[in-house]
Amino acid sequence: MKNSNEISSSQSLKNNGSDGFFNTSLMYVLAACLASFLFGYQVSVLNTIKDFIVIEFGWCAGKEVNCDDSTLKSSFLLASVFIGAVVGSGFSGFLVQHGRRFSLLVIYNFFILVSILTSITHHFHTILFSRLLSGFGIGLITVSVPMYISEMTHKDKKGAYGVLHQLFITFGIFIAVLLGMAMGNVPEEVNNPLGTFQQIWWRLMFFFPCIISILGIVLLTFFFKEETPYYLFEKGKVEESKEILKKIYGSDDVDEPLKAIKDAVEQNEAAKKNSISLMRAMKIPSYRYVILLGCILSGLQQFTGINVLVSNSNALYKGFLTNEWITTLSVIMTVVNFLMTFPAIYIVEKLGRKTLLLCGCAGIVCAFLPTAIANLINNTSDVVKKLSISATFVMIVSFAVSYGPVLWIYLHEMFPSEIKDSAASLASLVNWMCAIIVVFPSDIIIKQSPTILFFIFSGMSIVAFLFIFFFIKETKGGEIGTSPYITLEERQKHMGKSVV
């Protein structure tokens, strides 16, 4: 039982500046979430301006905008972001070791340079290189921002603030598509020159992240100058850690959260001593099994088709809509994606991880399979076209409340502590690699027939449903550092010591 002093201390922490959603901790989190916004923006920015770049750079001189040359180059540009992210995510672990706030400052400075480079490009090779760099920055964000948020947040608000990362990603996607509406319709004839506004605007859209990055630097340099309390404590700066905790909790009495950080640091050190390398884990059947499950689950997420809709919806909608409605519908889709992230905060704890994953996959199958069959029968019917458009929205809703957020929660709950970091990183790497596999040929397949994509995504979602149903276990309510796939006795046998 807690004594009266401990109860008073806990009550003090709850009744001070940490109360409510809007508090000091939130301000630090929002400064980091500007990087999350950059993530979403950079993934989606090409969606609405790709065809205008084709015309200005003359990739299809005398031909249609979707000529073979432009289709191939567009495929490289779309996939290059994900290729860069693979490299960046691998480098991010090294960067955060030098400080969480420091890593955010590096990211913001990096995107200033990338934005300038992209906005002044005049050749395919330079824009391809700049998109690779954008992807590298996105890879850095995937680790740096969630870690900063987790360590700079009141313990009772980690879940609510943690979802802000995903919300700002979807908000960045929305803004990128919204700004693209100003470009208007793509000229009917590829030989028609772009208007002066269009020539300037698509470059300004590439430059826009520079403004957001400068804002992030200003906030972290002049207003939120402290490192996270966990990082400070880890580096032996206990008093500095205590001071920032006072700001986060709105109380001078922070002995309880300081002790929690101390325990976490000690547990982390113990985990490092007891950790099993990924190579060694792959040689042990029980560990290899859970690692493969995580990698397959992660890879299948991309084969639902989410990143084709996020990064290439305009190309997909061309077959179903007139030009003036294409970007408008993409904007509406991104709004739905943004708004439907909110319900996941509540239902993930109510329904559980496995149930949500199954429901999401079932929703995607119900959206895409009938649509694929209908398009196969008569793809010129107005009813079928409306069905195809509706299917993309059902898919977005199904994904946003399930596979989208739940995967990343599950990957940090399914692995035991001794392999969690390396196994989760490998699963994330598989996710990025599968994104490349899916996104790269999407332009080519859409040009051939969107029906093919509908069949692929519905078929893979059926595979994902069956895989989850038969192999994936529920992790809701599980203890931190444990795994439903490996018993304590099995873990102790391979670690050679007690595991708690």
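Just so it is clear, glycine is given a Cβ too, placed from its N, Cα and C backbone atoms.
Annotated features, as they stand in Swiss-Prot:
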| type | residues | note |
| --- | --- | --- |
| BINDING | Q166, Q301, N307, N337 | beta-D-glucose binding site |
| BINDING | Q166, Q301, Q302, N307, W408 | alpha-D-glucose binding site |
| DISULFID | C60-C67 | disulfide bond |
| TOPO_DOM | 1-25 | topological domain 'Cytoplasmic' |
| TOPO_DOM | 47-75 | topological domain 'Extracellular' |
| TOPO_DOM | 97-101 | topological domain 'Cytoplasmic' |
| TOPO_DOM | 123-131 | topological domain 'Extracellular' |
| TOPO_DOM | 153-166 | topological domain 'Cytoplasmic' |
| TOPO_DOM | 188-203 | topological domain 'Extracellular' |
| TOPO_DOM | 225-289 | topological domain 'Cytoplasmic' |
| TOPO_DOM | 311-327 | topological domain 'Extracellular' |
| TOPO_DOM | 349-356 | topological domain 'Cytoplasmic' |
| TOPO_DOM | 378-390 | topological domain 'Extracellular' |
| TOPO_DOM | 447-451 | topological domain 'Extracellular' |
| TOPO_DOM | 473-500 | topological domain 'Cytoplasmic' |
| TRANSMEM | 26-46 | transmembrane segment |
| TRANSMEM | 76-96 | transmembrane segment |
| TRANSMEM | 102-122 | transmembrane segment |
| TRANSMEM | 132-152 | transmembrane segment |
| TRANSMEM | 167-187 | transmembrane segment |
| TRANSMEM | 204-224 | transmembrane segment |
| TRANSMEM | 290-310 | transmembrane segment |
| TRANSMEM | 328-348 | transmembrane segment |
| TRANSMEM | 357-377 | transmembrane segment |
| TRANSMEM | 391-411 | transmembrane segment |
| TRANSMEM | 426-446 | transmembrane segment |
| TRANSMEM | 452-472 | transmembrane segment |
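Looking only at the recorded positions C60, C67, W408, the one with its C-alpha closest to Q301 (beta-D-glucose binding site) is W408. Scoring each of the disulfide-bonded residues (C60, C67) by how many neighbouring Cβ atoms lie within 10 Å, the top position goes to C60. With a threshold of 8 Å between CB atoms, the same-chain residues lying at least 6 positions outside the transmembrane segment (452-472) that come near it are 293, 296-297, 300-301, 303-305, 308, 316, 354, 357-358, 361-362, 364-365, 367-369, 371-372, 375, 388, 391, 395, 403, 442, 445-446. Taking H, G and I as helix, E and B as strand and the rest as coil, DSSP gives the topological domain 'Extracellular' (311-327) the counts 12 helix, 0 strand, 5 coil. Shown in sequence order, S36, T341, G404, P405 are the residues of the chain, 6+ apart in sequence, with a C-beta less than 8 angstroms from the C-beta of Q166 (beta-D-glucose binding site). As a whole-number mean, the pLDDT of the topological domain 'Extracellular' (123-131) in this prediction is 90. Within 10 Å of the Cβ of Q302 (alpha-D-glucose binding site) there are 23 other Cβ atoms, across all protein chains. Long-range Cβ proximity for W408 (alpha-D-glucose binding site), meaning a same-chain Cβ under 8 A and a gap of 6 or more residues, is found for none. By the Cβ criterion (distance under 8 Å, sequence gap of 6 or more), the transmembrane segment (102-122) is not counted as touching the transmembrane segment (357-377), fewer than 3 such pairs being found. Largest CA to CA distance in the beta-D-glucose binding set (Q166, Q301, N307, N337): 16 Å, whole number.
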